[in-house]
Amino acid sequence: MGFGIGILVTLVPLYQSEVSPPESRGLMVGLHGVLIGFSYALTGFVTYGCYFAPYGEFQWRFPLAVQLVPTSILFIGSFWLPFSPRWLLSQGRAEAAWKVTQKLHANKKDPEDNFAHAEYNQMQAQIEFERKHNAVGTLAQAKLAFSQKSFLKRLGLGFLVQFGNQCTGALVINNYNTILFAGLGITGAMPLLLLGFFNLVTVPGNLFNGLFIDRFGRRRFVLTGCTGIIICLSGEAAITAQFVETGSTNQVGLGWGVAFIFTYVAFYSSCLDATMYLVPSEIFPMVIRSFGMSFSIMGQFIATVILLEAAPTAFARIGYKFWVLLICLTFIYAVLVYFFLPETKGMTLEDISVLFGDPVELSFEQALNKQEHHEYGDEGVMGEKREGEQVESISLDR
């Protein structure tokens with residue numbers, strides 16, 4: 001299951017980014033986070049229900065069996081998914097790539113498919129340019145990725161976003177949620193129920209992220225999220241030191257500990273959760289995109305292994321100081337994002353290369369102007385342009 005999840009968590013946002021228009025790429029990849037949050041919430045509620053099962057085997061067999069339902073839907077539905085047009089172009093299947101691009105960008109306001117033509121021409125020009133300057137095969141991506149300074153910077157940023165997000169303590173809180181709630185005086189089946197609601201908060205949070213990240217930008221969301229998380233972790237550290245570690249039964253104080261946990265997940269899901277998949281899915285050029293995405297996601301799992309293995313011992317040995325450690329790591333992550341992560345909102349995947357100093361064979365604006373010129377010519381469509389007639393251009397947000 002771990003191997004399968006490792007494949008899917010890499011491929012799903014990668015595919016979503018390649019089939020999305022620039023102005024809604026954040027929303028499309030954000031839906032990945034929305035449904036992950038929903039599935040996490042479902043695990044909590046299923047576990048809570050199974051807590052009351054009359055015999056033990058059902059408590060673990062049913063949670064495993066119920067996963068066959070969404071997995072089967074994904075497996076069957078994948079046969080109807082179109083190939084990414086960028087992948088089709090990289091395989092020399094130009095006609096199929098155009099048909100997919102045309103379907104993806106079909107719009108009544110653009111009956112001549114100017115937007116689709118412009119993006120297709122840009123994708124084609126960029127892939128041909130990258131092929132000409134980089135001899136790339138499937139097994140050569142890693143070598144190429146580490147051979148160029150601009151590619152190394154992208155690898156570092158992709159890894160940073162994935163690793164840094166986990167250093168805020170998201171999975172530590174999620175995986176040891178029931179233990180944390182028990183320490184705050186909540187016992188019995190109630191911690192399992194709260195776990196379900198804890199993860200349910202991530203659904204509207206990720207949806208908020210997807211709806212607004214294309215408007216306000218990736219950097220602003222990450223920095224806002226880190227600031228909110230530092231405040232929440234500081235509160236949790238104080239509550240742990242003052243009430244949990246002293247064995248206090250003060251319900252108000254312990255209640256604030258629960259409040260800080262739920263406020264934490266609100267900040268994390270609305271600002272960081274979906275963003276950590278969006279950034280690495282869009283910063284790599286086609287020639288190393290799949291490797292770059294895989295390398296970035298590796299950062300998430302490395303951080304997860306380190307923190308989840310360390311957390312039980314850390315909570316037992318140093319108590320509230322473990323929260324202080326997470327605060328420091330979150331602060332370092334925010335500083336690195338502030339100084340090194342460029343803003344990519346509203347840009348096509350090909351144009352993003354400019355931010356890293358790489359050449360772009362054909363910018364989207366050039367491709368769009370070229371398409372309009374081809375459509376209308378200097379004298380208009382099918383002859384001379386009639387006096388006073390205007391040609392409506394298609395903007396990025398169409």
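Here the Cβ of each residue, glycine as well, is placed from N, Cα and C on the backbone.
Automatic prediction, not curation, is the source of TrEMBL annotations.
If you average pLDDT over the domain 'Major facilitator superfamily (MFS) profile' (1-345) in this model, you get 89. Taken from TrEMBL, the feature domain 'Major facilitator superfamily (MFS) profile' covers 1-345.
Annotation source TrEMBL lists transmembrane segment at 29-52 (among others).
Annotation comment: TrEMBL describes 64-83 (among others) as transmembrane segment. Same-chain neighbours of the transmembrane segment (64-83): 15, 19, 39, 46, 93, 96, 100, 103-104, counting only residues six or more beyond its ends whose CB sits under 8 Å from a CB of the stretch.
Sequence annotations record features per position, and here TrEMBL assigns transmembrane segment to 179-201 (among others). Long-range neighbours of the transmembrane segment (179-201) within the same chain, counting only residues 6 or more positions beyond its ends whose Cβ lies under 8 Å from a Cβ of the stretch, are 37-38, 40-45, 47-48, 51-52, 173, 239-240, 244, 249, 251, 254-255, 257-258, 261-262, 265-266, 269, 315.
Panel annotation: around the transmembrane segment (221-244), residues 161, 168-169, 183-184, 209, 212-213, 250, 253-254, 256-257, 260-261, 263-264, 266-268, 270-272, 275, 319-321, 323-324, 326-327, 330-331, 333-334, 337-338, 341 of the same chain, lying at least six beyond its termini, place a Cβ under 8 Å from a Cβ of the stretch. Taken from TrEMBL, the feature transmembrane segment applies to 221-244 (among others).
According to TrEMBL, the transmembrane segment annotation covers 256-279 (among others).
Here TrEMBL flags 291-310 (among others) as transmembrane segment.
Annotation comment: TrEMBL describes 322-341 (among others) as transmembrane segment. For the transmembrane segment (322-341), the list of distant contacts is 156-157, 160-161, 164-165, 167-169, 172, 218-219, 222-223, 226-227, 229-230, 233-234, 236-237, 240, 279, 311, 314-315: same-chain residues at least six beyond its ends, Cβ to Cβ under 8 Å.
Marked as region 'Disordered' by TrEMBL: 374-398.
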